[in-house]
Amino acid sequence: MSDKGTESRSNSLEKVAATIEETPVKGTLAYGGEDTLPPPPTLTAEEEKRLWRKIDMRLMPILTLMYLCSFLDRGNIGNAKLQGLTTQLNLTGDKYNIALTMYFIPYCLFECPANLVLKKFRPSKWLPGITLVWGLIMTLMGLVKTYPQLVGTRICLGVAEAGLFPGVVYYLSLWYPRHMLQYRVGVFFGGATLAGAFSGLLAFGISFMSGTAGMLGWSWIFIIEGMATVVVGVISFFILVDFPHTATFLTPEERAWVVHRKKYDNSSVGEEEHFELRHIWETLLDWQVWAHILIYMSIITPLYGISLFLPFGFSTPISQLLTVPPYVFATGTLIAWAIWSDRIKKRWPFVLAGLVYCLVGFVINIVDVPIGVKYFGTFLIVAGAYAGFPGVVAWLGNNLAGHYKRGVGMALHIGIGNFGGAIASNIYRTQDAPRYILGHGIELMFVGIGFIVMPITVLAYKRINARRDLLEKEADEKGTKLAPEEIRRLGDRAPDFRYTL
């Protein structure tokens, strides 16, 4: 009853959105600015696809480009290391690892506040604004002369970039129904996997500028990639829009249909949209947020670990070029899994597959095998971490109802989970090369945490869904249904809400 009941319930909510009469029933609660729009039209399946394609073409390219810049800028320090950064700035001992860590601390701490102000400052201004700021910081990082200056700019970079990823995922959840979300998160996050491939190629090309204007290759990596981010930030001011009901690139009827579709996506009355302090406390006390943080860390720690340290034992140019194929393979895997996940409306099988890939890849790398075999293991780690990640993010986003609860929950999820990046920055020590037994061993520990927590979470979701099926059936028989206001207030704890598995 749990799997079939959940899918049946989800389908019934979708049918409500597709078949409801053009004028809302008197007494229903307004949602998403629908009271300023005409009645939603009835669209054919082909018209629906055309509308979603129109929205995709407006939102996804620029968001993907912004995140590509974000991931490129935070991770290019690995390529800069190969181009003389550690030598010129005298990064001896743990100085390089500390510089990496100091990015993640403000990045994690500022994600939740950033999501809370997103709606207040409007996505079309907030997201491009922070992109412009971190691009300027990245450019200035190419001019640093001392280790304290490097650490200072890394801290500023973490503050500026903190609002992008949780902000965009939250933003997408305001536009797309929950079972269309992973593909969009996958396309958006695909920018990160492309950044992994592109970063090696770009650094290889920029390395030939070493010595120009008296600066080494590492300075030019920071300056050129930072300037590219500034350009993307400026362009995004003219492309990004705010919310469905104010999107001028859509007709009023199209806006009404999108708002209507979102209203009945995971609730019979629509989500709560205003902010109350209780949303923060409800999120902090919600068991699923903390379970998902552990699952998130089981994927993100391997992701950051393999992104920041890809030693192959070859010369610098060859090592940079060898980072490209694993990321290309990961991008293809990511898109395929995202499409499949949205189609079957399940997240956990693909998160599990990602964990399996990481497990096998790290085991290969921790044992004493030829370097070619280790390189194969790298393919599995990169694909498992990157392709499994969108499912982790979309999963919690699917299971939190209420605009601000979801915004706070996803920011906590990503913010606390990203401390895995700080951990990954310190476990691959120079003295452990070339096998990095300590680093790979700690990564395997995090993967093991995922293998424990994820099945517990799935079983808990199934049990809650089954219980709600029974409670709703009893309420129908007794005629004791809750008022629309109470259902909306309860959010994902409402009897008509079903968790996505």
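Cβ coordinates come from backbone N, Cα and C, glycine included.
TrEMBL labels come from automatic prediction, so no person has curated them.
Annotated features, as they stand in TrEMBL:
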DOMAIN    59-468  domain 'Major facilitator superfamily (MFS) profile'
TRANSMEM  59-77  transmembrane segment
TRANSMEM  97-118  transmembrane segment
TRANSMEM  125-144  transmembrane segment
TRANSMEM  150-173  transmembrane segment
TRANSMEM  185-206  transmembrane segment
TRANSMEM  218-241  transmembrane segment
TRANSMEM  289-312  transmembrane segment
TRANSMEM  324-341  transmembrane segment
TRANSMEM  348-367  transmembrane segment
TRANSMEM  373-396  transmembrane segment
TRANSMEM  408-428  transmembrane segment
TRANSMEM  440-461  transmembrane segment
(message) For the transmembrane segment (324-341), give me same-chain residues lying six or more residues beyond its boundaries with a C-beta closer than 8 angstroms to one of its C-beta atoms, as numbers and ranges.
(response) 182-183, 185-187, 189-190, 193-197, 200-201, 347, 349-350, 353, 378-379, 381-383, 385-391, 394
(message) Pairs of Cβ atoms less than 8 Å apart decide it: which stretch in 97-118, 125-144, 185-206, 218-241, 408-428 has the most with the transmembrane segment (373-396)?
(response) 185-206
(request) Please give the sequence-distant neighbours of the transmembrane segment (150-173): residues at least 6 beyond its ends with Cβ less than 8 Å from one of its Cβ atoms. (result) 59, 63, 66-67, 70, 73-74, 77, 89, 91, 98-100, 102-112, 114-115, 118, 123, 126-127, 130-131, 133-134, 137-138, 140-141, 144, 181, 184-185, 188, 393-394, 397, 406-407, 410-411, 413-415
(message) Applying the under-8 angstroms CB criterion, which one of 125-144, 185-206, 218-241 scores highest with the transmembrane segment (97-118)?
(response) 125-144
(message) For the transmembrane segment (125-144), give me same-chain residues lying six or more residues beyond its boundaries with a C-beta closer than 8 angstroms to one of its C-beta atoms, as numbers and ranges.
(response) 63, 66, 69-70, 73, 89, 114, 117-118, 150, 153-154, 156-157, 160-161, 163-164, 167-168, 171, 215, 218-223, 225-234, 236-237, 240
(message) Six or more residues beyond either end and a Cβ under 8 Å away: which residues meet both conditions relative to the transmembrane segment (185-206)?
(response) 60, 63-72, 75-76, 78-80, 82-83, 168-169, 172, 217, 220-221, 224-225, 307, 317, 320-328, 330-331, 334-335, 337-339, 382, 386, 389-390, 393-394, 397
(message) Quick test of the contact rule: Cβ under 8 Å, at least six residues beyond the ends. What residues does that give for the transmembrane segment (218-241)?
(response) 58-59, 62-63, 65-66, 69-70, 72-73, 76, 79-81, 83-85, 88, 123-125, 127-129, 131-143, 202-203, 206, 209-210, 212, 247-249
(request) Please give the average pLDDT for the domain 'Major facilitator superfamily (MFS) profile' (59-468) in this predicted model. (result) 87
